[in-house]
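Asker: One structure coming up, written as C-alpha cells, with questions to follow.
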Amino acid sequence: MADEAKARGNAAFSAGRFDEATRYFSEAIDLAPTNHVLYSNRSAAYASLNRYAEALADGRKTVEIKPDWSKGYSRLGAAHVGLGDYEEAIAAYQKGLDLDPSNEALKSGLADARKAASRSRAPPAASPFGNIFQGPEVWAKLTADPSTRAYLQQPDFIKMLQDVQKNPSSLNLYLQDPRMMQVLGVLLNVKMRASTPEEMETDIPENENKKSQGDTANAHKAEPVIMEVTDEEKQAKQRKAEAQREKEAGNLAYKKKDFEKAISHYTKAVELDDEDISFLTNRAAVYLEMGKYEDCMADCDKAVERGRELHADFKMIARALTRKGSALVKLAKCSKDYEPAIETFQKALTEHRNPETLKKLNEAERAKKEFEQQEYYDPKIADQEREKGNEFFKEQKYPEAVKHYSEAIKRNPHDPKVLSDSQKELARPTLDSTYFSNLVLGIWNYGSCGHTYSNRAACYTKLTALPEGLKDAEKCIELDPSFSKGYTRKGAIQFFMKEYDKALETYQQGLKFDPKNQELIDGIRRCVEQINRTNRGDISPEELKERQAKGMQDPEVQNILSDPIMRQVLVDLQENPSSSHEHLKNPQIMNKIQKLISAGIVQMR
C-alpha cells in the first residue's frame with residue numbers, strides 16, 4: 001500500500017501536480033511512518049509549491065530517521081534557502097558533503113547558498129511604496145477586491161506580504177511577481193496593467209519628447225492618476241462587505257444557540273456573495289447542530305463543488321467534507337451506514353491533515369466495528385456452533401473443535417454458559433501415562449454447565465497451545481468467577497507449565513466458591529506433592545535446571561533477587577542457618593523464600 005501511494009506521488013510530481021503529490025506522499029507516510037525516502041519526496045513537493053516551512057519539517061524528519069543519507073541534507077538545505085536562512089542552508093549542504101564529498105547536487109546547492117548569503121548581506125534599496133502596506137486596513141482592502149481576494153488563500157503570497165510589512169524595503173525583491181503589482185494597484189487605487197508590445201514600441205512625437213525632457217525635474221511631483229471605478233464594481237464591493245456583516249451576525253447568533261436566526265444570516269450572506277464558501281460551511285454547522293443532517297450534507301456538497309471552481313483553500317474544502325462526514329455518522333443505523341462517513345473523512349484528510357478529522361475517522365471506524373459485532377450476534381447460531389464443538393471434542397478432533405468454539409464466542413461473546421449435554425465423563429487424573437490426557441479433559445459430567453472459553457481452553461491444552469489455553473481459562477473465570485471448571489482448567493494448565501505454586505493458588509481460589517469440588521481438592525494434592533518434591537530436592541538435575549531457568553524469567557522472582565534485604569537473608573540462610581530463624585518468623589520474607597523454593601532457586605535441606 002505504501003509503495004503504491006509513493007508511486008502515485010512520484011508520477012504526480014513528475015507531471016508537475018505538486019499538490020496531488022504531497023497528498024499521495026502523506027498517504028504513504030501514514031502507512032510507513034519510518035520510511036525516510038517518503039519524507040524526502042514530500043519535502044521536494046512542498047518546496048516546489050514554495051511551502052518551505054513544511055519542506056523544512058520533512059527535511060528534518062528525513063535526516064532524523066536516516067542521518068547518514070546525504071540526500072536528506074540536500075532537502076534540508078533547499079528548504080532553508082527557500083526560507084532565506086542561508087547560513088543554515090550552508091551548514092546543511094556542508095554536512096551532506098561530509099557524508100558524500102563527490103555529490104554534485106550538494107556542491108551546486110552549497111555554491112548557490114553561499115551566493116545568496118552574499119547578496120542578502122547587502123541592504124536592499126528602500127521602496128517608496130513600503131509604507132502603504134502598514135495598518136489593518138490593508139487586509140480589508142485586499143479581501144474586498146475580487147482581483148486580490150484569491151491571493152489571501154495562497155500561503156506563499158501571505159508570507160510575501162507579511163515579509164513586506166515587517167521590512168518595507170524588501171518590496172523591491174517581490175516586484176517581479178504580478179500578484180504584488182496587482183496588490184500595489186489596489187492599495188494605490190490605480191488600475192495596474194502590463195504594457196503590450198505595441199505600446200512599448202510606439203514612437204513618441206518630437207514636440208512631446210521635448211516637453212517631457214523639460215518637465216523631467218518635476219516628474220516626481222506628479223500625482224498618480226485615479227482610475228474610475230464602475231458602478232458595478234462598487235456594488236460588488238458593497239455586496240461582499242454586506243455579506244461579511246451577515247456572516248458575523250450569523251456567528252453571533254450561533255454562539256447564542258439562536259440557530260434559526262443564524263441560518264437566516266448565513267443564507268443572506270450566500271445570496272450576496274457566492275465566492276466565499278465559508279458561508280455554506282457555517283450554515284452546514286448550524287444544520288448539524290439542529291439535527292437537519294440532509295440539509296447539512298447538501299450545503300457541504302455545494303461548498304466542495306464551489307470551492308473546486310474557485311480554487312479555494314484546501315482547508316476550507318476539508319472542513320466541508322468533515323462536516324458532511326459528521327452528518328453521515330449521525331444518520332448511521334448499521335455498520336454499512338458508516339462506510340460513506342469513513343470514506344468522506346478519508347477524503348477530508350487528503351485535502352488537509354487535521355487531527356480533529358483523524359479523531360472522527362477513528363471513532364467512525366470503531367463504531368462500525370461495534371455495529372458489525374452486534375449484527376453478527378446470534379445466540380441460536382452460537383448454540384449450534386457450540387454443539388458442533390462438543391461433538392468434535394468427543395471425537396478428539398481438537399482443531400475443528402477450536403474453530404466451532406471460536407465461532408460460538410463471536411456469535412454470543414457475553415454468554416458464559418455452554419450447552420453440555422454431549423459432555424462425557426472421564427476418569428480422575430492419575431500419574432500414569434494417560435495423566436496428561438485425563439487432566440486436560442477434566443471431569444465432564446452429563447448435564448453439567450460449562451463455559452465456551454473453558455471448552456476451548458481444553459482443546460488448546462490438548463494441542464499443547466498452553467498460553468492460549470491459559471488466556472481462555474482466565475477469560476472463563478472473568479465471565480463467571482463462581483464457575484469451578486474455569487479454575488480446574490487454569491490450574492491444570494499451570495500444572496503442566498510446572499508453575500506449581502501458581503496452580504496451587506488457582507485451585508485454592510476455586511475452593512472458595514466450591515469447597516467440596518473433588519477435582520479442585522485433587523489438584524491441590526498434586527501441587528503440594530510436586531512442591532514438596534522440589535523442596536526435598538527429589539527432582540532430576542534436568543528438571544531443576546529447567547525450573548530455575550523458568551523461574552529466573554518470572555518478574556516476581558527477579559524483584560525478590562534484586563531486593564537488598566532478601567539478598568542478605570539468603571546469605572544468612574546459607575552461611576549462618578541458626579541465626580536466620582528470626583528472618584523466617586516474618587510472613588512476608590517467608591512467602592518470598594517459598595516463591596524462590598518453588599522456582600527451584602533455593603533448596604531447603
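Residue numbers in this text run from 1 along the chain shown.
Every residue, even glycine, has its Cβ placed from backbone N, Cα and C.
According to TrEMBL, the feature repeat 'TPR' maps to 2-35, 70-103, 243-276, 382-415, 484-517. For 145-184, 554-593, the entry in TrEMBL reads domain 'STI1'. Taken from TrEMBL, the feature region 'Disordered' applies to 197-218. The feature compositional bias 'Basic and acidic residues' is assigned by TrEMBL to 207-218.
Can you walk me through where each of these features ends up in the structure?
Answerer: For the repeat 'TPR' (2-35), residue counts in helix, strand and coil come to 27 helix, 0 strand, 7 coil, using DSSP.
Below 8 angstroms of C-beta separation, residues 36, 40, 43-44, 46-47, 50, 52-53, 55-56, 58-60, 62-63, 109-110, 112-114, 116-117, 120 of the same chain, each at least six residues beyond the ends of the repeat 'TPR' (70-103), sit close to that stretch.
Long-range neighbours of the repeat 'TPR' (243-276) within the same chain, counting only residues 6 or more positions beyond its ends whose Cβ lies under 8 Å from a Cβ of the stretch, are 143, 146, 149, 282-283, 285-287, 289-290, 306, 310.
Sequence-distant contacts of the repeat 'TPR' (382-415), counting only residues of its own chain at least 6 positions beyond either end whose CB sits under 8 Å from a CB of the stretch, comprise 373, 376, 422-424, 452-453, 455-456, 458-460, 462-463, 479.
Note on the domain 'STI1' (554-593): mean pLDDT across this stretch is 78.
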Asker: Counting by DSSP, what is the helix, strand and coil composition of the domain 'STI1' (145-184)?
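Answerer: For the domain 'STI1' (145-184), the helix, strand and coil counts are 30 helix, 0 strand, 10 coil.
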Asker: Summarise the repeat 'TPR' (484-517) by DSSP state, stating how many residues are helix, strand and coil.
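Answerer: Here the numbers are 27 helix, 0 strand, 7 coil.
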